[in-house]
Amino acid sequence: MNELLKSCVNGRTLNEIEAHSIMRDMMTGSLSAAEIGGLLSVLAYRGETAEEITGFVRAMREQAHTIDGPEHVVDTCGTGGDGSSTFNISTAAAIIASSAGAKIAKHGNRSVSSKSGSADVLEYLGVSIQTSPEETIKSIERRNMGFLYAPSYHSSMKHVAGARKDLAFRTVFNLLGPLSNPMKAKRQVIGVYSIEKAKLMARALEAFEPEHVLFVSSRDGLDELSITSPTDVIELKGGKTYEYTVEPGDVGLPLGRLRDIQVATPEESGRLIVDILKNRGPDSAVHIAAFNAGAALYVAEQAADLKEGVALALEAVAGGEALNQLERLKQKEEELYA
């Protein structure tokens, strides 16, 4: 058995160099499925440290196929695994925010621990998910949004896919994915299923010099800014860290209902997103999408604060820009400029 793995089993935490080493071994196929499963189980049981996450992220970024995107590009993504069965809120938020001026590099995958992953729902909506890096950059430059399909950029993840699936519970990879955007986005809105994990991720991300990042974790368990409860926020901006709580009323939104934002399939999620973009979905669904889109607009410097961002997002939905953006994203490049 790997010596570092043995030390983890015996209760010791890893320093950043050791964490980097063992993640590199995982990413290069040097560990067996049993060893990977053992490590992920130990970490899930005892909890990860910020230093371990920093080392893991550094190794994942080194193994990834990275690309350079436009300045101020924003990623909206979450850890998933909150078990709430909500529609793909961060995906809807990305479409709305990009229609209102933010440049979005949406990093995502098919579902691992939820009803529907961002790739699943975008595919249902008719948006191409497996574009080349060049096509993705062009889409962001011309349409303000591109999708970075995780397996295309993190091919080394194939070595851990089997173990993750077999374990069927949240692992450290739920935390690492949002910190490993292939476009090295320095601006992000990251939804996290618990504020404790958000604090860990924020401390780890500080090592990578972020420009403006919001970690959001709602008290009803969503890895989103919520319209059904207060949301705890950790904001990294200009080398400083701010912690605060935001409620729907703070940004001009009423409290909503969880059942109005829950779905059972990617198809149901897709249909609800279309209804939201048409401004005819349940108020709770429109509002939670706008709340999270507003956060992306704030991080993208398109809004002075969250409240202004939400107002701009609601305007984009009401004015039809968000629905038009979906149609643009569905078009092939040659159709768009024919």
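A Cβ is built for glycine as well, from the same backbone N, Cα and C atoms used for every other residue.
Listed in Swiss-Prot:
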- Gly78, 81-82, Thr86, 88-91, 106-114, Ser118: 5-phospho-alpha-D-ribose 1-diphosphate binding site (BINDING)
- Gly78, Asn109: anthranilate 1 binding site (BINDING)
- Ser90, Glu224: Mg(2+) 1 binding site (BINDING)
- Arg164: anthranilate 2 binding site (BINDING)
- Asp223, Glu224: Mg(2+) 2 binding site (BINDING)
Local Cβ density at Thr86 (5-phospho-alpha-D-ribose 1-diphosphate binding site) - other Cβ atoms counted within 10 Å: 23
Other CB atoms within 10 A, centred on Ser90 (5-phospho-alpha-D-ribose 1-diphosphate binding site): 27
Spatially closest candidate among Arg164, Asp223, Glu224, the listed binding-site residues, to Arg110 (5-phospho-alpha-D-ribose 1-diphosphate binding site) (Cα to Cα): Arg164
Distance [Cα-Cα, Å, rounded] between Glu224 (Mg(2+) 1 binding site) and Gly78 (5-phospho-alpha-D-ribose 1-diphosphate binding site): 7
Number of Cβ atoms other than its own within 10 Å, given for Asn109 (anthranilate 1 binding site): 20
Candidate nearest Ser90 (5-phospho-alpha-D-ribose 1-diphosphate binding site) in space, where candidates are the binding-site residues Asn109, Arg164, Asp223 and distance is Cα-Cα: Asp223
Neighbour-count leader, CB within 10 A, binding-site residues: His107, Arg110, Arg164: His107
Shortest C-alpha distance to Asn109 (anthranilate 1 binding site) - which of the binding-site residues Gly78, Thr86, Arg164, Asp223: Gly78
Those binding-site residues, out of Gly78, His107, Arg164, that come within 10 angstroms of Asp223 (Mg(2+) 2 binding site) at the Cα: Gly78
Rounded inter-Cα distance in Å - Arg164 (anthranilate 2 binding site), Gly78 (5-phospho-alpha-D-ribose 1-diphosphate binding site): 17
Three-class DSSP secondary structure - Ser90 (5-phospho-alpha-D-ribose 1-diphosphate binding site): helix
